[in-house]
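Novice: Quick paste from Swiss-Prot:
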| type | residues | note |
| --- | --- | --- |
| DISULFID | Cys43-Cys93 | disulfide bond |
| DISULFID | Cys52-Cys76 | disulfide bond |
| DISULFID | Cys68-Cys89 | disulfide bond |
| DOMAIN | 43-93 | domain 'BPTI/Kunitz inhibitor' |
| CARBOHYD | Asn34 | N-linked glycosylation site |
| CARBOHYD | Asn62 | N-linked glycosylation site |
| SIGNAL | 1-20 | signal peptide |
Amino acid sequence: MKFTIIALCLALSLVGMTSSEKLLDRIRANSLENLSRLVPSLCLLPSGRGNCDSQILRYFYNATSHTCEVFLYSGCNGNGNNFDSLECCLKTCRLNKYRNNN
């Protein structure tokens, strides 16, 4: 009798884990879909220097030339078209450009 109850509990917990994993997968898929909607708008923004006094080398995606370009970020404000590295800028905006053109 104890074995049957333990087996039943184990089976129910496994079913619960599978359902939880499916829910997490669904949440991840929705997050990626929402991100892919957000990325194009970020990449279409002009470079946003901001209004502080620092001069930090950053990259923005120039939607006209379809390239990532260097700009000096002031350290505050600005906008989302602001990447720490050329690689990050290219991966975010160029990949999305090709996805939208197909």
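Note that Cβ sites are derived from N, Cα and C of the backbone, with glycine treated the same way.
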Novice: Out of Cys43, Asn62, Cys76, Cys93, the recorded positions in the record, which is closest to Cys68 (disulfide bond) when you go by Cα distance?
Specialist: Asn62
Novice: In Å, rounded, how far does the Cα of Cys52 (disulfide bond) sit from the Cα of Asn62 (N-linked glycosylation site)?
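Specialist: Distance between the two Cα atoms comes out at 22 Å.
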Novice: Please compute the mean pLDDT of the model over the domain 'BPTI/Kunitz inhibitor' (43-93).
Specialist: 94
Novice: Can you count the other CB atoms that lie within 10 A of the CB of Cys89 (disulfide bond)?
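Specialist: I count 23 other Cβ atoms within 10 Å of it.
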Novice: In three-state terms from DSSP, label Cys43 (disulfide bond) for me.
Specialist: helix
Novice: Over all shown protein chains, what is the count of other CB atoms within 10 A of the CB belonging to Cys68 (disulfide bond)?
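Specialist: The answer is 23.
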Novice: Measuring Cα to Cα, tell me the gap between Cys43 (disulfide bond) and Cys89 (disulfide bond) in whole angstrom.
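Specialist: Checking the Cα atoms of Cys43 (disulfide bond) and Cys89 (disulfide bond) gives a distance of 9 Å.
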Novice: What count of other C-beta atoms do you get within 10 angstroms of the C-beta of Cys43 (disulfide bond), across all chains shown?
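Specialist: Around Cys43 (disulfide bond), other Cβ atoms within 10 Å: 23.
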Novice: Applying a 10 Å Cβ distance cut-off over all chains shown, what neighbour count does Cys52 (disulfide bond) have?
Specialist: 13
Novice: Measuring Cα to Cα, how many Å separate Cys93 (disulfide bond) from Cys76 (disulfide bond)?
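Specialist: Rounded to a whole number, the Cα-Cα distance is 22 Å.
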Novice: Take the Cβ of Cys76 (disulfide bond) and count every other Cβ within 10 Å, whichever protein chain it belongs to.
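Specialist: Cβ-Cβ neighbours of Cys76 (disulfide bond) within 10 Å number 10.
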